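The feature domain 'Major facilitator superfamily (MFS) profile' is assigned by TrEMBL to 19-432. Under the heading transmembrane segment, TrEMBL lists 20-41, 53-73, 85-105, 111-132, 144-167, 187-208, 242-263, 283-302, 314-334, 340-366, 378-399, 411-429.
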Amino acid sequence: MSQIQTETEFPAPRVANYALLLLLLAYILSFIDRNVMAVLIGPIRSDFEISDFQYSLLHGFAFSMFYIVMGLPIARFADRHSRKWIVTVGLVAWSTMTCLCGAARSFSMLFLARIGVGVGEATLSPAAFSMLSDLFPKEKLARALSIYSLGITLGGGLAYVVGGTVYDWFANAEQLVLPFFGEVRPWQMTFIAVGAPGFILAIFLGFLSEPKRRSGVAVDGGAEAHHALPEIVAHLRAHFRAYVAPIGSVAVLGILGYGTMAWYPEFLIRTFDMPRAEAGSHFGLMFLVAGSLGTLVGGWSVEPLMRRGYQDAPLRIIVAVAALWMLPAALGPLSGSPTLALWMAAPIVFFLNAHYGVGVAAVQFITPNRMRAQVSALMLFVTNLFGLAFGPTAVAMLTDFVFGDDLALRYSLALLPLIVCPLAIFLVVQGMRGYRQAADLE
């Protein structure tokens, strides 16, 4: 028999904050493992003799194809079963597959390993969003989600810093031979080094307490959970424009965001002959500082607007971010010196990270508790389909097929925001009225 949890009390702050910390660490590791390839473009292209477009398939498409597809069934599973164990098993899986990227001897082997990383990481955010919604009250949820979203900036930044530094260290070492792996290249050893810490974190996650579900949600399955999908479809159809505003805008902004994350360090290397470790470290530190500030400022800016009665506060923030992001994103890649290019990266990564947690919170605010994990997975499906799958590839296609020159990477990066940002603003504006109406019902 299914047991229904109806408790409205939230866990003690120390319990909620500890769970948030572990989920944040898992999110950090997930972004390190998925983004470390951005500082390994040159050696991977050289060893496998592939183009920018082929590399972009490894970076984005291979990872995202199952990351996207698996998100929805995993979220449905998370709405009925232990979210803690879903996250723990997923962490072990993607850490294993990241290490196996270091065993790849061909393009196809690396492609398959990247698929495995995506499958493992698909478990994290749908379950984490649902857990956080049961750990923090509504007025604190946007801040908690923004702190969780710091994993994007911390993990993304550390991927560049750690990846570039570790690669440089192994590149200067003598012949690298590992048990079971045999002789490995420096870029392969980098994958193994960044994948290993996930096994340690998995132990701590295994001892985490599963938070109680609220709003009469079935914990172990049952009729209410099994009939959730038709109810979700009806809810989304009734509030279609309200959901298009945050999900659509975050999706198209994700094209710019993931494209920038994948290619900006390589732009520094190609355009200014910057050493790989230096490009990774400088851009990574900029990403850590400015990106983290963007995440926090974006999330915290919602609260004062909501206290003033603006129920569409998250959408207002997304519009502001898209408008302010466009100019530095277009001008930064056209910089005439490496110093200016790095300083221009500060506002780029600030705005790159300011919108995501806000968009997630916007969806949570208008979604009933019993369907949040599955709606969150739908958001991840759409945003990753556009951002993660198409972002790196959009830049590579412009470089290979429009400009036809590796050194034209800077022009590909400069053109993308002029297309993406106005489209994001349009998607938000068309749905603001519907969003306010949906928010009134929650």
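Glycine residues also receive a Cβ, built from the backbone N, Cα and C atoms like all the rest.
Whatever TrEMBL says is automated annotation, not expert-curated.
Only pairs six or more apart in sequence are counted, and the transmembrane segment (85-105) with the transmembrane segment (283-302) gives fewer than three Cβ pairs under 8 Å, not enough to call it a contact.
Under 8 Å from some Cβ of the transmembrane segment (411-429) lie the Cβ atoms of residues 244-246, 248-249, 252-253, 255-256, 259-260, 263-264, 267, 315, 318-319, 322-323, 325-326, 329-334, 394-396, 398-399, 402-403, all in the same chain and six or more residues away from its ends. By the Cβ criterion (distance under 8 Å, sequence gap of 6 or more), the transmembrane segment (242-263) is not counted as touching the transmembrane segment (187-208), fewer than 3 such pairs being found.
If one looks beyond the transmembrane segment (53-73) by at least 6 residues along the same chain, the residues whose Cβ comes under 8 Å of a Cβ in the stretch are 34, 37-38, 41, 44-45, 107, 110-112, 114-115, 117-119, 121-123, 125-126, 258, 262, 374, 377-378, 380-381, 384-385, 388-393, 395-397, 400-401. For the transmembrane segment (144-167), the residues of the chain that approach it from at least six positions outside its boundaries are 16, 20, 23-36, 38-40, 43, 128-129, 132, 135-136, 186-187, 189-190, 193-194, 261, 265, 276-281, 283-289, 291-292, 294-296, 298-300, 349, 353, 356-358, 360-361, 364, judged by C-beta separation under 8 angstroms.
Packing against the transmembrane segment (378-399) from elsewhere in the chain are residues 51-53, 55-57, 59-61, 63-65, 67-68, 71-72, 75, 125-126, 236, 246-248, 250-263, 359-360, 363, 405-406, 408-409, 411-413, 415-416: each is 6 or more residues past its ends and has a CB under 8 Å from a CB in it. Per-residue confidence over the domain 'Major facilitator superfamily (MFS) profile' (19-432) averages 89 (mean pLDDT, predicted model).
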